[in-house]
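Below is one structure, written out as structure tokens; comments come after it.
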Amino acid sequence: MDVQTNLFSKNTMPIALYSSEQLYAMEQAWFAQGNGSFGLMQQAAWQMAQHIESLYEKKCLNKQLTKQGITSRFNTSQRRASIWVGIGSNGGDGWLIAYYLQQRGWQVQVIAVGFEKQDFVVKGNLEISADENKKSITAAARALQLALSVDCEYQCFKSSDNNTNDTSVRALQANVYIDALFGIGFNRAPNNMYQQAICAFNAAAENAQALVIAVDIPSGLVASTGQVFERIAIVADTTLCLIARKFGLHTKDGLDYSGAVIDIPLIPYQVNNEKLIPVATLITSAHSLKPRRQNSYKGSYGHVLVIGGNRIEGSQGMGGAAILSASSAMATGAGKITVACHEVFHGALLTSLPDAMTIDLHDKDGINRLIGQASVIAIGMGLGRDEKAKIVFISCIEAAIAVGKPIIIDADGLYHLASLHSKNHKLIAELKTHSATHQVCLTPHSGEAARLLNKKINEIENDRLAAIKQCAAIYGGDWVLKGAGSLVLEQQSGQAHIYVCGVGNAGMATAGMGDVLAGVIAGLLAQEDLKHELRSLHQAVLIHGLTGDILVNQTSSNDDNSLLVGQRGLQAQDMPAAIRHVMQLITDSL
Ligand SMILES: NC(=O)C1=CN([C@@H]2O[C@H](COP(=O)(O)OP(=O)(O)OC[C@H]3O[C@@H](n4cnc5c(N)ncnc54)[C@H](OP(=O)(O)O)[C@@H]3O)[C@@H](O)[C@H]2O)[C@@H](O)CC1
Ligand SMILES: Nc1ncnc2c1ncn2[C@@H]1O[C@H](COP(=O)(O)OP(=O)(O)O)[C@@H](O)[C@H]1O
């Protein structure tokens, strides 16, 4: 039984994600087989027009149901669409949608952005028939011609000089706003005119409380990275995603702008008759687990050693970090936990987690002995960044490598790693070699990744995919680049598999959530009764995200209301109890 199918309402199948470059390559391969660009655009637009109708109909029915408590007939006479088109092929899709909707009885208005009246004769890639010598008419130009041939109403958008919202167009009070300004060709910050157009679109749609549908990808969002410049992008209710899923829809800013995504596949994902390998895979459901063997004991489920929770003289204590990791590892099902933290925190630790064993963080010999006994070492959470903490870090990693143990490095551990790398310390190469034969998991957020790569945070944020690959190339091991739509990179037989985590929410943007994740990773890894994939890094990231979602009721499976806390106010300390709940939900019943 696929447990998740019954438990979580979100799409549960992994989804292949592609970059703009790959999308263009697929299109070119399709055209090289003799297929026409305009034919493809027609198919795309025809299917989108049908989706637009049914989405609008659904919205009307829902509205009537909530207003009147009854289902009454959808009123077709009120169908008005405002379609904003740009100068590329995405705009071509928009013109054709206008054509089809008008044919189906909609009142349509096209707002042409980046056009002057005279451009309807000749404009850049819209080279249409005015010049008889020009043989090539682009698909977008043909789409425009077709729409004009049935007298689709249109206006040219003109930006205002004074940055007011007085944008020269008299937008129709439409009930559906369709964004066909930019598609996968959007590749840089929009200039003033496009900024104004995007803002005017959002304002008009909000004012009309209309349904907002993006063609292929919301304009302003970069398809290959999920980046939006200065928060200026179309905020869609639904994105009609053509050909293949774009990576950028599911990570970083993409999550705030795309709305629900509907796929319109159209052509094979092939280039030169070979299936394209996606840049990443979107995952939303955890693998289901088998019940434990009756004849087992605590030793069957591993021993996690958490090393962190330091108190540095004259600065804050960070005991909570180690406590959160340890309780999350236990909640995930590890058999035994020992926490090596500053002695001052032992009392607090044992009060909240009496199941744990403790050792002083500065008892080097004791910790080295424990490293030999543990199944997994998770290091760095609240470890501190001073020289003494660095010595503890180096000594623990060396000991773990010497006895061949899986290692999880988080937080201050990553800080030390970055500084060791900058000094060409031999530990970096040793860790990389170790990672070829043993599990090493590293879990930075963008700030930590920036330090590890000696870059600025915005350089990481602008291309998170490139950043996680660079981290893996330099340091080896498996990686999570944390944040909205966390990326996970796992190395298997010399190949890197990249996942985008499709669960989790902004309520998790609170202190200590990363410590919880480190604990979940360690707790799963320790359970050697589970097959490799079931205790993989992506499984841990999913369990962590699903737990956050269950706590803020973002899934349909939340039958235990006692766990609910909502996004604002969700605390890392709420996680362990909910992790236990998720672990139970994803385990097959006996
Ligand atoms: N090929 C086909 O048959 C099919 C294509 N399909 C559709 O085509 C879409 C891709 O079309 P596209 O390649 O024309 O890209 P699109 O995003 O429309 O515009 C690029 C233009 O915008 C410009 N530009 C970019 N960024 C900018 C900025 N910030 N500010 C200002 N300008 C900017 C850019 O300028 P450039 O970078 O060249 O200087 C270029 O002129 C795809 O998403 C799908 O909807 C489907 O119908 C299926 C069939
Ligand atoms: N907006 C968000 N959407 C999904 N997950 C998030 C979001 N914000 C934070 N998280 C998750 O919460 C955790 C936060 O980790 P981190 O920043 O290291 O916290 P800390 O260092 O305080 O423990 C990460 O796993 C991250 O992916």
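Using the three backbone atoms N, Cα and C, a Cβ is placed for every residue, glycine included.
For G382 ((6S)-NADPHX binding site), other Cβ atoms within 10 Å of its Cβ number 30. Annotated (6S)-NADPHX binding site per TrEMBL: A321, G382, H445, D515, in sequence order.
Annotated AMP binding site per TrEMBL: K482, G483, A484, G485, S486, G514, in sequence order. Annotation for S486 (AMP binding site): spatial neighbours V480, V500, C501, G504, V541, G545, criterion Cβ-Cβ under 8 Å with sequence separation of six or more.
Look at TrEMBL and you will find 23-272 tagged as domain 'YjeF N-terminal'. In the predicted model, residues of the domain 'YjeF N-terminal' (23-272) average a pLDDT of 87.
The domain 'YjeF C-terminal' annotation in TrEMBL covers 281-586.
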Cβ contacts within 10 Å for A484 (AMP binding site), all chains included, total 18
Neighbouring CB atoms within 10 angstroms of the CB of G485 (AMP binding site), all protein chains considered, total 24
Going by C-beta under 8 A and a gap of 6 or more residues, the same-chain neighbours of G483 (AMP binding site) are T251, K252, H445, S446, R464
Least surrounded, by Cβ count within 10 Å, of the binding-site residues H445, K482 is H445
Closest by Cα to K482 (AMP binding site), out of the binding-site residues A321, G382, D515, is D515
In whole Å, the longest Cα-Cα distance within the recorded (6S)-NADPHX binders A321, G382, H445, D515 is 16
Whole-Å Cα distance, A484 (AMP binding site) to A321 ((6S)-NADPHX binding site), is 21
For G485 (AMP binding site), the closest of the binding-site residues by C-alpha position, picking from A321, G382, D515, is D515
